[in-house]
């Protein structure tokens with residue numbers, strides 16, 4: 001940390017295990033010959049004496065044995081190699097890196113599959129050489145769908161302490177990456193705190209800081225100011241950067257008849273520059289030099305969709321797909337320079353138009369990982385856009401999108417707070433997991449099966465612990481049945497003891513076992529007994545109260 005940082009009051013963050021779980025690690029051999037790799041996971045302890053292990057993004061913040069010192073930052077990962085090129089270059093050379101071995105264990109996949117997907121450009125490992133604090137992860141359609149959480153201050157509200165807290169909070173609930181979209185004061189300092197304390201890759205949009213350097217006037221931006229800003233962020237350790245190099249002058253005119261015009265902040269900045277200067281943007285004309293800078297640090301391109309649709313009316317229009325074609329051309333240039341690249345996508349798209357976006361991206365961009373903001377499936381629900389967008393996110397992820405950028409309830413309304421961040425992450429973890437199930441991703445259904453078994457066996461504490469949000473699941477249950485005996489009761493407050501379908505089913509199975517029958521035979525025998533009982537009472541539907 002810099003001297004300026006050390007003088008800042010240290011933020012407070014949430015630490016400690018998630019209820020019902022503990023932090024655990026596996027030792028994995030390092031293919032580089034360095035120290036063994038310590039791969040983290042979350043272990044859920046079940047009342048049966050068994051356990052269930054989960055992919056974990058929370059870093060040391062859920063490890064009670066870890067010493068958390070935000071001013072000092074997280075301890076660096078040992079054995080980071082800076083002089084052998086990018087993950088893409090090494091994968092193409094046939095090398096399985098330490099990061100690939102780490103990821104293979106986390107994903108439950110062969111390390112060779114990880115290498116091949118990276119070599120083909122279908123997956124990226126965002127891991128700047130200068131960000132050794134991260135736990136390596138992968139973004140690609142062959143792997144689990146990932147979720148990004150946006151944080152960052154604005155000129156109106158928030159502070160460094162709040163953004164650090166949001167970063168730790170988001171990763172606690174499953175954010176796989178973080179984007180710092182700060183546009184207010186202390187952009188460099190805020191980013192430094194986040195980077196030194198983030199266990200997940202950190203992305204940025206460099207044009208925001210470059211704009212601050214010219215006091216918010218897009219027409220004053222230059223290639224030199226932007227380039228120096230990128231290098232500054234590369235030196236700090238940013239893992240991936242959004243670059244709106246596909247916003248061309250001729251495409252800007254295509255947005256004139258849109259309902260919502262250009263809604264991307266970066267896209268609007270570059271559109272303003274192009275119109276003011278009557279030429280193509282410096283991001284486009286200097287893209288090859290930018291590729292060399294990114295490759296030097298192994299920073300991953302996130303080629304931004306500056307012309308994404310901001311309303312259902314504008315979905316899949318000429319401007320959007322024209323930019324996508326240019327992003328495809330740029331992605332090929334980036335890979336020639338050895339830089340990793342993923343493609344950003346929309347936006348606001350009705351459900352019947354979503355799959356077309358994935359198919360076109362895969363065709364034009366050689367299956368580079370697709371990273372989408374939602375998309376929102378409808379425009380009518382401000383304050384609930386974490387839901388409208390999670391619907392679209394599940395559909396687009398099933399079709400092949402590799403990473404989903406979350407949307408919070410505050411989308412279109414204001415800067416998200418801590419609660420909004422959690423709500424957004426949970427909504428998107430649901431969408432990502434639903435897509436993994438639909439795609440047949442290995443291990444995805446194991447968690448569903450474990451929770452369903454616990455539910456059928458009325459192991460309430462296990463249900464809570466296996467859920468995406470254990471504290472909230474427990475809170476909802478305890479609102480009506482708070483007593484401890486209710487944690488083993490064979491009913492909840494929805495149906496009560498008489499109408500619980502699972503209890504009735506369990507009773508049928510007990511009856512079958514007692515009489516040496518299978519379940520169908522038990523049902524038939526039970527129906528026969530009830531029929532006889534009905535006949536004994538004179539075939540009367542209603543009996544006198546005395547009986």
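Note that Cβ sites are derived from N, Cα and C of the backbone, with glycine treated the same way.
The region 'Disordered' annotation in Swiss-Prot covers 1-36.
Among the features that Swiss-Prot reports, compositional bias 'Polar residues' is placed at 1-15.
The substrate binding site feature in Swiss-Prot is assigned to 150, 179, 208, 244, 264, 265, 266, 305, 306, 307, 308, 344, 371. Counting every protein chain shown, the Cβ of residue 306 (substrate binding site) has 32 other Cβ atoms within 10 Å. Under the three-state DSSP scheme, residue 306 (substrate binding site) falls in the coil class.
Here Swiss-Prot flags 348, 412 as Zn(2+) binding site, drawing on sequence analysis. In three-state terms derived from DSSP, residue 348 (Zn(2+) binding site) belongs to an extended strand segment. Residue density at residue 348 (Zn(2+) binding site): 26 other Cβ atoms are found within 10 A of its Cβ, drawing on all protein chains shown.
The annotation [4Fe-4S] cluster binding site is assigned in Swiss-Prot to 492, 495, 500 on the grounds of sequence analysis.
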Residues near residue 264 (substrate binding site) in space but at least six apart in sequence (CB under 8 A): 244, 304, 305, 306, 307, 308, 310
DSSP-derived class (H/G/I helix, E/B strand, else coil) of residue 266 (substrate binding site): helix
208, 371 as binding-site residues, winner by CB count within 10 A: 371
CB contacts for residue 308 (substrate binding site) [other CB atoms within 10 A, all chains]: 27
Three-state secondary structure, which DSSP defines for residue 412 (Zn(2+) binding site): coil
